[in-house]
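Here is the structure we will look at, set down as structure tokens.
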Amino acid sequence: MYHQTLLNHMENSTNKVTNEYMDVLINKIIFIIILCISIPSIMINLFATYRLHGNTKLSVFAFRCILHVSLFTTCTCIPLFLVELYFNLYFPLSLFICKLWLIIDYSSIVCLALLVCWASIQRHILIFGPIHMKKLQSTFKFKLIPSTFALGFPLIWYSILISTCSYEKTIRNKFRCQPCFEDKKFIFLIDTLLSLLFPLLITILATLFLLIRIIRLRFRLFRSNSKKWRRCKRLTRQMILFSSIYLIGLLPYVLVNLNSLYEFWPLINLSWCIQIANAFTYVPCCFSSFLSIYAIPEIWKNRRNHHHHQHQQQNSLRKNRKQEQTSFTLPSIFSTTKTSTDTE
């Protein structure tokens, strides 16, 4: 009996040491990968944001918002996540910075989810919607309302939840910067459903439905290589690419959250699995810049040629207006000369 308990104790200690070694190794690997990806992502994001500055197209506006939120998240949240990984899940900074990081981190992830969900619905309006609906969507008010909701709702929601958390920071017990509402099952379930699961399902359904409608449109325009088909194909490709990185980034995190509530797969409850799922949440903000330089052709258009083309259009419009004015004035001149000759 004594030998059996000793063997059990040794087995538990070896498993604990193995898990700790695995955690340290996974943290180092994640640290190197995120550091190597985030630096070029920031540079490409700045380039794409500069090139799209001043672009007022409705099809580009949603992706401009995604790039802005991704740049802000990459510059603020990822450095603090790297600090936590470097100290092996020990957060060395103050509790105020911890709460501020959690609010920005969770809000930006949900904001990206809502923006991608909005873009997936907007593609149906841009491709298949009526003309008056497209004009209504292009107004500033209808551009501002979805983006304001996508930014304001998660910011208010997580500010209320995380501000009530209290932490005891000690040196012996490792301080993990983690929100306290994840320990409350009901609140955590509501947060997972409203913030992640519902936008995820809407994005999947909207993208699949868009793909089905665009395939049917292709059969209709099979013989004509029209400009409308090229535009529809470009808008659909953009949506599929951005939805895919959003699903890759948030689907593991949603599964880990649901597993922590209902424990349908015990292996995912390991700390290194949870850490990998947390790292995957930064996939959308890091890879959106890489996808933008491929999926958004407006980035590569020469701005000088664009302004020159606009200048030519304005000149042609001015010439047409002058011709119309002269065409209206000529009959009046002829009529006045005719009346003068008649009177003479």
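Just so you know, glycine gets a Cβ as well, placed from its N, Cα and C.
All annotation found in TrEMBL is predicted automatically rather than curated by experts.
Note that the structure is predicted; figures quoted are calculated from it, not measured.
Straight from TrEMBL, the features:
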- 29-49: transmembrane segment (TRANSMEM)
- 38-292: domain 'G-protein coupled receptors family 1 profile' (DOMAIN)
- 61-83: transmembrane segment (TRANSMEM)
- 89-121: transmembrane segment (TRANSMEM)
- 142-160: transmembrane segment (TRANSMEM)
- 193-215: transmembrane segment (TRANSMEM)
- 235-256: transmembrane segment (TRANSMEM)
- 276-296: transmembrane segment (TRANSMEM)
Cβ contacts under 8 Å made by the transmembrane segment (61-83) with residues that lie 6+ beyond its boundaries:
31, 34-35, 38, 41-42, 45-46, 48-49, 52, 55, 91-93, 97, 101, 104-105, 108-109, 111-112, 115-116, 118-119, 122, 143, 147, 150-151, 177, 238, 242, 278-279, 282, 284-286, 288-289, 292, 296
Seg_contact(the transmembrane segment (29-49), the transmembrane segment (142-160)) with at least 3 CB pairs under 8 angstroms, min sep 6:
no
